[in-house]
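The structure appears right after this line, and notes come after that.
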Amino acid sequence: KKISETFFYNYEDICSRPWVTEDSGIPINLLTLKHSFGYDCTRRANLLMMDSQTLLYIAGNHVVLLDLKTKSHRYIRSSGGGGIGFITAHPTKQYFAVGEKGRKPNLIIYDYPSLRPYRILRDGTEEAYVFGDFKHDGTLLASVGSSPDYMLTIWDWKQEKIVLRSKAFSQDVYKVTFSADNEEQLTTCGVGHIRFWKMALTFTGLKLQGALGRFGKTAVSDIIGYVELPDGKVISGTEWGNLLLWEGGLIKVELCRGEQRPCHSGPVSQLILEEGELFTVGKDGYIRLWNFETIDAADSVDDTGLLEVEPMNELHVGKNVSLSFMSKIHDSGQAFWYAQDTNGAIWKLDLTFSNMTQDPECLFTFHSGRIEAMSVSPITYLLATTALDRSVRIYDFISDRQLSEMKFKQGGTALTWAPCVVNPKGSLIIVGFEDGVVRIIEVYDPKGLPVIAGTGNAELNLKKALKPHAAAVTAMAYERNGAVLATGSKDKTVFFFAVEDEYEPIGFICVPGPVQALQWSPPSHVQSTLLILCENGFVLQVPVPVPKEQNTASTYQLKNLPMQYFHFYSIKSQIALREKKREEKEKAKLEWIRQQQEMGNKIEEEAEEEPEEEPLPSLYIPEEPSPILCGFYSAPGKFWLSLGGYDSGFLYHCEFSDDDQEDPEDRKDEPFEVIPIEDTDDNPIHQICFCTGRVWMFCGMQNGSLRAYSLQDKDLSADTLKEYWSFSVHDNDYGQIRGICSSYDDRFLITCGGDGNIFTFNILSPEDVQKELKAKIPSPKFKAVSFLSSTEITLFPLSCIFSIEEVKQKKEYDRKMKEAEEKKQKKREELIALRHEFLLLLQKNQKLPKHMQLHREQFEMDRKIFEELDRQTAQRIQLVQKELAWEHEKHSIGLQKLRNQFRDSLEFDTVVVHAIQSNHQISTYRLLVMSHKYYQGKERPSWKRTVLKQAWKQPEEKQITIESRRTVEKSDKVKAKIMKRKAEWDELYKSKPSDDYENPKDVEEIKAAQENMGCYKLKSAPNYRVPEHELMNAEKKVAQLTSLEVLIHKRKVNMNNEIMSLRDLKVSVIEEIKCLVQELKSIQAALDSSERLPLPLIPQLHPDEVPEKKFEYDTDILLKFKEEQEAKPKPQEQLEGSPSSHSFRQGFLRAPSIKEVNSMTQAAGSHPMKTASSVVTEQPKVSETEKAEPTEMELEILKREKIKNLYLQETLIKKINALMINFDAELRFLRHKKLKLDVQMKNAELRYITWYEELLILKNFEKHENLLRERITALISEQEAMQPKLKGCIAQMEDRKCEIVRLQECEKALYANFQASLGENNEFADFLTKVLMKKVKCTEKKEREADEEDENQENEGESSLGIDEENSVSEDEAFDDSVCPEDCNEALFQNTIQLRQKWLEIEEALAKEKKVAANLRKKYNALAQKAKEVETSLDTADRELDTFQWEKQQRMNDLYVAVPLKLHQVEYLINGEMPSDFSQALVFTNQSLEYLQKRIVDLHNEKLMQREIYKAAQEQHKQLIQDKKEMEITIRQQIKRTKFGRLVDFEAVQSYSVNIRVEELEVQIMEKEYKHSQELKEWEKRISDLKQQLMKLTKENSSKLQQLNQFCFEKQQLETKLASLKNDVVSL
């Protein structure tokens, strides 16, 4: 059945109410919710804006509607009492959904603003809803549950029907949302996952299909925030602060900031896509705005998968802010965001990021996280709370408002309000902190009024701070008489203080475990004792210590204080076994009675005898003892306990035994009475509070519920605790009640929980509460109150000082050290006396004659002693150096870091140069060192590279002979000259303008002049277009800013150098004056005192003139600084009471004083100094006695010397004054120059600010401009790439056209050849023509195809050639072309057949060429169409870029530019007076104005000159036309002829004048002839040499023959003589 649109549920019927035991008589309206003070700021998405005035959030089992104007609350309770999981609003804000927690929780839709339940959705999950989201159109609702089912459900919420459901994941799911642009897409995220869902229509119906996101190489992260993009992609955050872009279930890219910095310093809690802008909200307190288009188009650029993106804007909400969720609402036409801060605040934010953006506004502050402690005032309706967020807050729970807050450096862990016995005005609260400090804080009304009528203010002041513990303080309690305060801590100690006025420490005791709670015995007990509950199961009882009876001389530990122990021993298993056996016996007895009744036997009632208890098996004892949660006294020595863990479910009545054992750990104490508490096995009692009359006992449970037991002054028993009243208040999962308090008059009950909520209840019905109840705020004391000042509070953290026991131990240590020091001092005095005696001996030794004096070495008893002392001293020095090495290095590094941060970054510090005789001064500019990027020059091309390139570049030339090269070069030159002349003529003829031609440049100039004539366009004009050369982008603007900054820095550096030169001049002047004064003193020494002129004062350098000396130090300066620091009073010394505290904490080595070292030396040297002084005083007396009267000559000389000295005195004084006057003049001149420079620098800074604002605008426009320019560049590149293709197509078409013409010419030539072969009047002309024209494939081609292809392919090939079979058949029937007719010439017939074959080949080639040409034409047309489209797109992009540039210029025009003007520079007057509105005025420089005025005159003169030029050009034009006509007549009449009498083509002559081949052959001939001539010469030379040799040999032969002839002749003579001699002998 369809649910009506007007149907509503009744809120009273569905809201949860308190549960009361039947027939208990407890009224159901026992408690009525009055107000909620807290805010569960750690819950996800716990903030919802329904309109500009109403804010929704979850508080435990309530939804709170907060009115921002009146600060009033309205409440909606959960329907099941199990808590609330989420709230979400309908897109129209007409409804909001509340998802609850508990068994089978409901999801309720409420109408707004009536708050009537509209729809209840059931069975969507098992235990709890964690998140929900309405579809963008509001028709569907998606919800996701918690463990164990994690069910994702899609609801048709108006009909309360489930559309789809599926398990979302196997771990916690944080969020589910519909996509705003894709109706079928959902996304869920949670622990270590993100999942993408689609509502797909399958053959079985509509299904939910989920795709789990795969992280891949990226580390798995919990996903808290994400947002769906319009194109289906998803952007999510990570735990480490980066953004992940998901596409198709995979990470497309991981986004980070520059230098791989995370987008946020911590988890990204929320992402919002609002009106095309992407916001990210981080736990680091930043909200950043990103360029959506850049992120949407982001892609990975390397293997890291990271892409660096910078945010467009960012907002830092505040320090210590952790944002988790934001909700948007429109207020007065402006959008505001309300942000949830997990550190306990709600913020109102303006995210417009403009000049009018409002600062973040903190609307409310609350405790962050669970509230640790709470207490109410004993006299009024005030409430104090503290938490680990380091704050203490005071609330007025009558007027329902927070009065005051005080912040500390540590979190609060315990709190109690001082009782009236201690402070009758009820103005003191005691707060314990996690560092062991206890602070006493006073609450007072600053106005001093005794009673505030619910509208006063309270302030907090710190009165005293103590540190009794070394760990967190967990419990505090005042003794019933108010004389003693006890504090317990996790350090297993309990400390006692004597309250009185100063809270003097009494002492402490050690306990076996961390203290859980402290309770003093009530007044009904005779003895005042303290009940100490420890977490680990120990309970102790100690009497109140008496302050004066304790011995605390050396320690505060109270060792003699009697203590009783109780060590809880678990008996729950025994109780369970006994209960089980009892139930089994009862069951058996009932079964026996039933059987007897069935048998008809009469059953007589017998008195039940208590059976003897059988021994039970060994008890189960948990490994870890169950923690004690709370407890209280029942009687002296008896107490009740509530335990957690295994032993929960009971209240245990225990008693201290008299059995004293030495080791409490060995005790096993059992309770003597046990009361079972219903439904507390897994839900133990954490807090118990009694009304003052013990009428009600209120119990705070672990699940955040509140129970009330009616006692009516009765003791606790099983009967009194059977009936109770229960109400779910805080969150059922983590809202365990941490504190319960009732007001001083039992009219109100206050609870605080682990969920950060504070609820106040009326114990009676609202009608019984008197409306005139007011909160009384104590007035301040009239006498002086010893408050700690804020400076004393923040001077040192108490966590760094000693605890009270440590102070006591230290005092004992100081006493021992003092005694040791006194003994050392006595030894030192003895040593000093011995030294003095030794010095006296040395003096006596000096007075003896030299031959009787002892040498220094003889005084040394043993040299080894001094060597050992030296060695020990060196070892000590080395040891001290080693001990201080780390500190020395630490301070050295610290000093270096300070220098790097503050000193090295300075190029010039502030140096002030003062005038000498006036108050004038001049200071340098304080300049930081400029970055290196401003001085990086561009690399210039190296000249060496060019030289090398030129050196390696070697032209290749052909090796020919000189004659040939000259000839060829000459020919080439002539040809080049002819071609150049021809090209010039062609160019001249091409450039010849037509009669009506107009130069485009002149046309454009004329058009521009017509458009701009008499118009000086302003940049603010609507038709202004930015010239191309004036286009500005971020890069150019950065360059402008850089150049301006460099120029400013350069000018300031120059001025600083001049000022430093002036300071150097002052130093030199001072030195010169010092020398002159010294000379003047020497001159005045010879003059009488009456003649001496006053000495000029020597100017001194001021400290600010030499600031660099602040960084120069020596040992004396350091020692002086140390003495100054030691002289300052330190709070530690006041608290510690001894100067040796530092040595107690970390040790201290005091260096010996210089006075102590040199005391004896000064004493020993005092006598020689006295004798020396006596000698000096006696010398003048001797000189006085020796003086004589001067002579006249000496008097004259003295007179001249006096005159000279007087002149020199006056001259020197004048010179000194001149130096000072000249320096002051230089300073005043430079000061005047600097004042002018200051004006220029201020103007430059104003211009820098303007340019920087322009840079910000340009950066905002840069990405869009880059996209437009990239688009234009791509279109231009595409256009340029298409031009070669078009030209190529045109060239190919021209080639095809030429080829077609050639083939047609071949056809004509072939047909002409055929006609010529026929001759005239050939009777077979028609037959042969038909044979020629018949389309038959040549037989040769068929044979080739038959050889290459099979039969089928041959048939296909024949058909593909397009043979017209019908025509061929018809022609075959008419004639047969295979047989030559009779009487026909066979040769002619065969020739015709051959011509036909050629004809067919030409026709085929022609068809192919035409087909190719047609394809080229189509391709060309397609390219031309595409080129036209590209050109159109390019024009559109250019127009878009122009429009964008205009918009950018308008944005830059909106900037305010500061132009300082003097009154005489203002010429814009109305009726002779200066107007109040200068919006219509223009700011011109004088130079520009003079230029415009001068330009008027120039344009007038230029106009006259142009008219004269135009007239001259007209006359010249007429003359040129006349000359042209005459020249044409002359050319036609004159005929140039050569000497041969005919026209000669000189170009042809030139072209045929040189034959390269002939010339080369001639060169070869010449080379051959030359070679042969050389060989011939060689042979002739060889012949000549041989002839010479032959001649030489002939001559030698002739000489030999002559000798032979001579020898023959002599032989003949000798023979003749011999013969004559023989004849003579014979004759004898």
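Every residue, even glycine, has its Cβ placed from backbone N, Cα and C.
Note that the structure is a prediction, hence the values are computed from the model and not measured.
Checking the ranges 111-145, 706-740, 1406-1440 against TrEMBL, the coiled coil annotation falls on 1406-1440.
The coiled coil annotation in TrEMBL falls on one of the ranges 803-837, 943-977, namely 803-837. Checked against TrEMBL, the range among 667-695, 1160-1188, 1566-1594, 1595-1623 recorded as region 'Disordered' is 1160-1188.
Confidence annotation: the coiled coil (1406-1440) carries a mean pLDDT of 90 in the model.
The DSSP breakdown of the repeat 'WD' (466-500), given as helix, strand and coil counts, is 0 helix, 19 strand, 16 coil.
Per-class residue totals from DSSP over the repeat 'WD' (364-405), listed helix then strand then coil: 0 helix, 25 strand, 17 coil.
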